[in-house]
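Report on the structure given below.
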Amino acid sequence: MSFNQSEEVGVNVTLDQLNSEVVATKYGAIIILGILIPLGVIGNGHVLHFYIFKKKNTNTRVFVCCLAVIDFVASSICFPWVISFNFNPLESYSDAFCKILYILNYFLAVGEVLMLLVIAVERYRKICEPFKPQITLKQAKVISALVFIITFVLTTPVLVLFGSTEVPTRHPNITGYECNVYKELRGTFWETLYQGSVLFIAMSLCIILFVLYSLIGVKIWRHQARMTRMTSSKETHEDGLCTDTGQPQNQENAKAFIELVKREPASKPEGAIADRMHGEDIITDQTQSSELSTTSNRNFRTETQDGLPAFSQDSANSSSGVDRCTDRKRRALKNVEVEKSKQMKRPLYMFFCITLFYLISYIPYPILRLYKTFNMNWYNNLSHSEHIALYMAICTPYLNNVVNSFIYMIFDTHYRNELKYVYGRLFRRK
C-alpha cells in the first residue's frame, strides 16, 4: 500500500521504518484477530468433540461437523497467519506462503457458503416436500465431500492471481513486497473477471438461500396457523365434557392415562427427539394420537364371547364420561406434540442463524475488493485513521468462524448442557 504522497519523504527512511508505519494502521485488526483466535479454537474444538463423539450419526451431525472443521481451521491456522502478515505488510517475500494463505481463505469462505446451501436444500425438502425422497445419511456424507472438491476447483485461480508482489511505498526509491494480486495482473481483465465472478456467485447464493428459507418460513407459519385453528375449535367443545360421572375410579383411570401420555415423550432423552427428527417433519404425526386413542378405549371395555365389544356394568355407567375425556386426552397429546415440534425446529433455526450471520459478515468483503480494483486512487489516498477502520472492517468475515460455536450452544440444548457439565466440574475442582 502507499500513503498520501503529500506526506514529507525522509532522506534516510528504511523499509523497516515504512513497514512499522503500515503496521500501525493494522493494530486494530491485529487486536480483533488476537481475541478471536482463542474463542474460535476453544469454541469450535468443543463443537467437534461433542458432535463427533457424543452425537448420534445424522445428517445434522455431518453438516455441523463440516462447518466446525472449516471454522476450526480458520481460527487455528488462518487467523495467526493473517496476524503474521499484518506485522510484515511490506516484507512479505515468500510467494508460497502468500498463495497458501489466500487459497486457504478463499477455500474456507466458499466451502462454508456451499455447505450452507446444501443444508438449506436439505431443510427445504424435509419441511416443504416431506413425502418425496430425502437425503440419506450416506448421501449427506458424499455431498459434503463433493462440496469440498468443488470448492477447491473454484478457488484454484487464486494460485495464479495472488502471491508476493511489489508494492510502491511513500519513498520513491524503496519498494515493498505484500501478499496481493500480482502487479502485472492488477486491474486487468482476469482479475476483474475473477473478483466479479466471486461477487456474482456470492450474491446468487445469497438470493437462493433467501428464497429457500422464505419458503420454509411460509410453510411453518401455515402449519402453526392450522394448529392454532384446530386448538381453538376444540376448546369450546371440550369445556365441561370431563365432568363428574359418579364413578371416581374411572375418573382416576382417565386422569392416569392422560398423565401417562404427558410423561411418555418426556421420559425419552431430549436428544432422542432431536436426533430422530432433527427439525425435518414439522407436520404433526396424527397416527400416534389415533393409536393411543384406540388403546384408551380398549382399556375401558370388555368383550363378549363372540368378540364384539361390550361394556361391563360398572363401566357402562361411566362410559360416556370416559369417552368424553377422549378430546381432553388428545389435547394433552397435542400439547406434547407441540413441544416436540419446538424441539424439531431448533436445528432449522440454528442453521438459519448461521446462514444469516455468514451473509451479513462476508458479503461486504468481495464488494470492497471489487471496488478497490476499479478505484486504486481511493485506496491510496485514505488517511491513517481511515486505513485503521478499513482493516478492522476487513476482519468481519472472520467473526462468522467464531460466532457459529455460540449459535450451536444457544440452539442445541444437549451441547449446552454438556458445556455446563464440563465447566461445572472444572470450576468445582478449583
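In case you wondered, yes, glycine gets a Cβ from its N, Cα and C as well.
It should be emphasised that the depicted structure is a prediction, and the values quoted were computed from it without experimental measurement.
Lifted from TrEMBL, the feature list:
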type: TRANSMEM; residues: 27-50; note: transmembrane segment
type: DOMAIN; residues: 43-408; note: domain 'G-protein coupled receptors family 1 profile'
type: TRANSMEM; residues: 62-83; note: transmembrane segment
type: TRANSMEM; residues: 103-121; note: transmembrane segment
type: TRANSMEM; residues: 142-162; note: transmembrane segment
type: TRANSMEM; residues: 198-221; note: transmembrane segment
type: COMPBIAS; residues: 271-281; note: compositional bias 'Basic and acidic residues'
type: REGION; residues: 271-324; note: region 'Disordered'
type: COMPBIAS; residues: 284-299; note: compositional bias 'Polar residues'
type: COMPBIAS; residues: 312-321; note: compositional bias 'Polar residues'
type: TRANSMEM; residues: 348-368; note: transmembrane segment
type: TRANSMEM; residues: 388-411; note: transmembrane segment
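In summary, the transmembrane segment (388-411) lies against the transmembrane segment (27-50): three or more C-beta pairs, each 6 or more positions apart in sequence, are under 8 Å.
Listed as Cβ neighbours of the transmembrane segment (27-50) (distance under 8 Å, sequence separation of 6 or more from its ends, same chain) are residues 64-65, 68-69, 71-72, 74-76, 79-80, 82-83, 86-87, 388-389, 391-392, 394-395, 398-399, 401-402, 404-406, 408, 414-415, 418-419, 422. Within the model, the domain 'G-protein coupled receptors family 1 profile' (43-408) shows a mean pLDDT value of 77, rounded to a whole number.
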